[in-house]
Amino acid sequence: MFHLLAGLGNPGTQYTLTRHNAGFMVIDAILDKFHFPNFKKKNNALISIGNIESYRVILVKPWTFMNNSGVPIMNIVSLYKIPLDNMIVFHDEVEIDFCTIRVKKSGGNAGHNGLKSIDNFLGKDYWRVRFGIGHPRNKMDLSDYVLSHFHNLNAVNNTISSIVEHITLLLEKNHTTFTDKVRNTLKYEDIPD
């Protein structure tokens, strides 16, 4: 039985390494660490199928804009008959501290348009890993903030490395231990150089 790990983001080089693409960054790191094959386009998504230890895993990056993420993910879930309990979505979250992660199942979408889209097509009964991107310090418009680049990319990469290092705990549904392990990394701030 497959597990689906999906990362949310926007396609296009102008969005690479932006806060809103934190989910894509996690999926790319998993692909590299576990030597998955290169992504192939299928059903408006980039997918790669491989193994993480004994788990058969499909990595997914919806190749649509964030607001339309639900359709390609629904198509992959349907095609591979993936139970929603085996689906984990990685996404950016402005309501938690920079480079902090939280795992939850179901619940609200906190205004995240990618999650709203998934919820519309699949319901809410799936796992989410919320990647904290912090909240803008000044009066910057929220949409401009999430589409801006990280200042402290080293901290982002360290957090992503910790997520990838402990990803098997998520697949085992050991969410509390996963969160504790990733939390034990250093605290960071995303301050300009």
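Just so you know, glycine gets a Cβ as well, placed from its N, Cα and C.
Feature annotation from Swiss-Prot assigns active site, proton acceptor to His20; the stated evidence is sequence analysis. Taking Cβ-Cβ distances under 8 Å and a sequence gap of 6 or more within the same chain, the neighbours of His20 (active site, proton acceptor) are Leu8, Gly9, Asn10, Met66, Asp92, Val146, Leu147.
Positions annotated as tRNA binding site by Swiss-Prot: Tyr15, Phe65, Asn67, Asn113. Sequence-distant contacts (6 or more apart, same chain, Cβ under 8 Å) of Phe65 (tRNA binding site) comprise Asn10, Pro11. Annotation note: Phe65 (tRNA binding site) sits in a coil segment as assigned by DSSP.
Under the DSSP three-state reduction, Asn10 (site 'Discriminates between blocked and unblocked aminoacyl-tRNA') is assigned to coil, being neither helix nor strand. Feature annotation from Swiss-Prot assigns site 'Discriminates between blocked and unblocked aminoacyl-tRNA' to Asn10.
The number of other CB atoms found within 10 A of the CB of Asp92 (site 'Stabilizes the basic form of H active site to accept a proton'), across every protein chain shown, is 25. Under DSSP, Asp92 (site 'Stabilizes the basic form of H active site to accept a proton') is assigned to a strand (E or B) in the three-state scheme. Swiss-Prot lists Asp92 with the feature site 'Stabilizes the basic form of H active site to accept a proton'.
Within the same chain, residues at least six positions away from Tyr15 (tRNA binding site) with a Cβ under 8 Å of its Cβ are Gly9, Asn21, Leu147. Note: the tRNA site is recorded as Tyr15, Phe65, Asn67, Asn113; in the same chain, Asn10, His20, Thr64, Met66, Asn68, Ser69, Gly114 also have Cβ atoms within 8 Å of that site's Cβ centroid. Sequence-distant contacts of Asn67 (tRNA binding site), defined by Cβ-Cβ distance under 8 angstroms and a gap of at least six in the same chain, are Asn113, Gly114, Lys116, Ser117. The Cβ of Asn113 has fewer other Cβ atoms within 10 Å than any other of the recorded positions Asn10, Asn113.
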